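Written out below as structure tokens is the structure these notes cover.
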Amino acid sequence: MEVEDYIISMRRYFHEYPELSFKEYKTADKIEEELKKMGLSPKRITETGIICDIRGNGSKTVAIRADMDALPVQEENNIDYKSKNPGVMHACGHDTHMAMLLGVAKMFTEQNNIPGTIRLIFQPAEENPPGGAVEMIKNGALDGVDYIIGQHIWGNKDMRKAYIYYHEMMANADRFVIKLTGKGGHGSAPQDAIDVIYISGHLIEMIHNIVSREIDPQEAAVITIGTINAGFRFNVIASHAELTGTVRTFNNDTQAKIERRIKEILEGLKLTYRIDYEYDYIKGYPVLINNEEVSRIIEKNAAEVLGQENIVHPKPDMGGEDFAYYLQKVPGAYYFLGGGNREKGIYSPNHSPTFNVDERSLKYGAMILKKSAEDLLKK
């Protein structure tokens, strides 16, 4: 079987049988089965996380990471390999990441002169903070590793495009939960109650003012209130409200300032409106910072595979990614691979129920990873 056909067949298998974060049991079994067919010896270092070394001649080790987990999304695509697990879908392309890494493994195992060791890292639970990377690192995924590389495919970025970032690529991705307690009452008598829905409106406005009026406009920051839940009846003043949201930053001082200012705003509202509150700020994945030298090696190989005209240098992305933890330990880089095709109607964003990719893009991703890993082994 040609490598491209193999990659596509693996992608379709994983797409058909998606599993949620930390529950990738059958996925891990399939990966181990495929690696053993290649004569390799995969090692389970977490419940569903796998590493596997392909040893050649040379002292350096380059790791390549693929994430494994799917999302709680009901697939709406009409395809032969549609998800068979209700309410679960590979809507972020991790099926393609695993398939491409298996393709890389297949190419290396069929090659005689590998100038070092390639470490394959199949990591669970990227989608579910605190994520799977920390436990993988703790259990030895990076032991002896000199460099690490990885990629992420996008359904709404054009196929044959590679998106390269030299430094900051993805943001600190934090979340918060705020619970307000007031005093319930009859809707006709607000003077006898403490209305947390009314107070929540002030809170939301004041939180959004942090970015617009307190953060340097040249310093990227985003605060989004994602949910607000309060009340149960039209004529009852609610006594409790819960708000959740996310904070995205690239600068750790900005991150700390936003966390502190939300707390100070809540203290002010407590004094002004006589409410009580609970505030939980949960730091998520850290900012993902690429090594410039490694990024340039990926760019060189992406240009050889795709053409220099198809290399894009975008602004940093406000999304979060636990690949950042690997880059805190060893030099490496991450990049985005385009997988969309407007002409075929394949252009849905990641995490959507119609997410898909043009499978011709997978051979490009596998080749870019393989060639980049070889160059890093020769450094």
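Backbone N, Cα and C define each Cβ position, glycine as well.
Any TrEMBL annotation is an automated prediction that lacks curation.
Quick look at what TrEMBL annotates:
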BINDING   Cys92, His94, Glu127, His152, His351  Mn(2+) binding site
DOMAIN    175-269  domain 'Peptidase M20 dimerisation'
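According to DSSP, Glu127 (Mn(2+) binding site) sits in a coil region rather than a helix or strand. Residues Cys92, His94, Glu127, His152, His351 make up the record's Mn(2+) site, and a Cβ search at 8 Å around their centroid adds Asp67, Asp69, Leu71, His90, Ala91, Gly93, Glu126, Asn350 from the same chain. Most Cβ neighbours within 10 Å among the binding-site residues Cys92, Glu127, His152, His351: this distinction goes to His152.
According to its DSSP assignment, His94 (Mn(2+) binding site) is helical. Summarised by DSSP class, the composition of the domain 'Peptidase M20 dimerisation' (175-269) is 40 helix, 33 strand, 22 coil.
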